[in-house]
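Features of the protein shown, as given by TrEMBL:
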| type | residues | note |
| --- | --- | --- |
| REGION | 1-28 | region 'Disordered' |
| COMPBIAS | 1-14 | compositional bias 'Low complexity' |
| DOMAIN | 67-294 | domain 'Radical SAM core' |
| BINDING | 82, 86, 89 | [4Fe-4S] cluster binding site |
| BINDING | 126, 157, 217, 289 | [2Fe-2S] cluster binding site |
Ligand code: SF4
């Protein structure tokens, strides 16, 4: 289901970049020009790394201040017991590695966490619940949380699984800014990761979210045994949305013992950087979030990801059910790199 669960397991004018060798089509736009095809994104991946980084960074600077990074905080408001079987997820009731279950938090608990996140410098507060989708009675409680967090002056985001008609509108009315729902991986690879729903179900929910006037947060997870073509296809699919998601989390799988992907082969760190760079070029106006898996990355790798166009992170102590690099370490890294939080 979610960024946050994706995260759980573990958990945006065309840049005038140098027209690098091997890429015939240099179109990079979020809405105006034709989205990149899978083959074009694959061609980006195949570039010499320095050419790819140059192009991604040039694109990034054409649309953003390259020294600014947005920070979101994340809270699991309902943990474990999910009936879906996403292979990366420690909240699935299908897996031995399921996290201890926790029922829905109270509004007071959520407000306390959001207040702490704001004090630590977060500008957006994301709330995740491990559901296939919310019951209407649950949605009423989540809507209360959204209104309360919004009243603190934070942007709001939730990830609740698949939505039925009318639910996205109810969340919008409560003050919701973003809805997270990841495509996770390519349509082709999707059935290797989850069988209890289809990727098209997620696409439908994203349509409901857009239809309600909410901003979309949607990305994927890499390192799940997918091919480079799968990674390119995921990015091309996201870029082809009209418009592309405002927020694109790129998660690096953190294999969880007791889940089907516990022994997934590690992804080469440079391939992860290439994925960030390709996402930046294909979706120049979107915030690209360095998401789950960051806690296992060196400072140097994170810096390379920022150079490649990542300009958003999850910040704070918990990334739903996995550890996140703690706030102090992040502040120290920002100071070393001269990055400013927005
Ligand atoms: S739908 Fe359930 S199993 Fe799948 S990622 Fe979300 S919480 Fe985990």
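Just so it is clear, glycine is given a Cβ too, placed from its N, Cα and C backbone atoms.
Within 10 Å of the Cβ of residue 289 ([2Fe-2S] cluster binding site) there are 28 other Cβ atoms, across all protein chains.
Summary for the binding-site residues 126, 157: the Cβ-based neighbour count within 10 Å is maximal at 126.
Restricting the average to the domain 'Radical SAM core' (67-294) gives a pLDDT of 95. For the recorded site, residue 86 ([4Fe-4S] cluster binding site), the DSSP three-state label reads coil. Here the Cα atom of residue 157 ([2Fe-2S] cluster binding site) is found 20 Å from that of residue 82 ([4Fe-4S] cluster binding site). Among the binding-site residues listed (86, 126, 157, 217), 86 have a CB atom closer than 6 Å to some atom of ligand 1, in sequence order. Other Cβ atoms within 10 Å of the Cβ of residue 86 ([4Fe-4S] cluster binding site), summed over all protein chains shown, number 31. Neighbour counts were taken as the number of other C-beta atoms within 10 angstroms of each residue's C-beta; across the binding-site residues 82, 217, the minimum falls on 82. Residue 126 ([2Fe-2S] cluster binding site) sits 20 Å from residue 86 ([4Fe-4S] cluster binding site), taking the Cα positions as reference.
Counting every protein chain shown, the number of other Cβ atoms lying within 10 Å of the Cβ of residue 89 ([4Fe-4S] cluster binding site) is 34.
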